[in-house]
Amino acid sequence: MTDYGEEQRNELEALESIYPDSFTVLSENPPSFTITVTSEAGENDETVQTTLKFTYSEKYPDEAPLYEIFSQENLEDNDVSDILKLLALQAEENLGMVMIFTLVTAVQEKLNEIVDQIKTRREEEKKQKEKEAEEAEKQLFHGTPVTIENFLNWKAKFDAELLEIKKKRMKEEEQAGKNKLSGKQLFETDHNLDTSDIQFLEDAGNNVEVDESLFQEMDDLELEDDEDDPDYNPADPESDSAD
């Protein structure tokens, strides 16, 4: 007859020796304990971690222990679900023998896989962003390829803008036509300007002042009187140039 209590006590001692820093006893009856499992360091020393809680059933190891995710860090919901499925599979495969070390080892490997997946996912995201940036740069350099659809869209927009320009121009020309003077109006306007100049002079009358200083320097000019020349003949134009 199997002594389940003895097997459970022996395994507990072994687990405490293997996991001295992460093994914690929660209760002795029924035997319940936790083991914290941490992945290897990934990119930027990032890790994922979970604390597994186990409780021995009365006939363990012929019956599977009770287990649950007691706590976790950096795990997605789907990761937690995958770990629980893994524990169920491993417990089923190891019935009849003590299995906690085997279950913990399987979870340890799973956490390492998750870290690798996180690294791969980030690398793919980085490559995707670089690809999108490169495509955007190419698009900016080469422009948008002309298709029937985008040409028709451009044509409709162009026609609408052209129509607005024509309407604006017609409105300006119409407004200019209203303000444009006829030939008769231009003539009357010029005549009125002449009349206003004459009227200005008449109104000035004797009030117009002449600046005599403009003529003061005339006295300083040495003018030669041609009539004092004895050879000067008024009837002979060439006599003046005989000299």
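Glycine is treated like the rest: Cβ placed from N, Cα and C.
Annotation note: Thr2 (N-acetylthreonine) sits in a coil segment as assigned by DSSP. Taking a C-beta cut-off of under 8 Å and a sequence gap of six or more, Thr2 (N-acetylthreonine) has these contacts in its own chain: Asp62. Feature annotation from Swiss-Prot assigns N-acetylthreonine to Thr2.
Here the domain 'RWD' (10-114) is broken down by DSSP into helix, strand and coil counts: 44 helix, 29 strand, 32 coil. The feature domain 'RWD' is assigned by Swiss-Prot to 10-114.
Positions annotated as region 'Interaction with DRG2' by Swiss-Prot, on the basis of similarity to another entry: 142-197.
Sequence annotations record features per position, and here Swiss-Prot assigns phosphothreonine to Thr144.
Residues or ranges marked as region 'Disordered' by Swiss-Prot: 198-243.
What Swiss-Prot lists as compositional bias 'Acidic residues' is 209-243.
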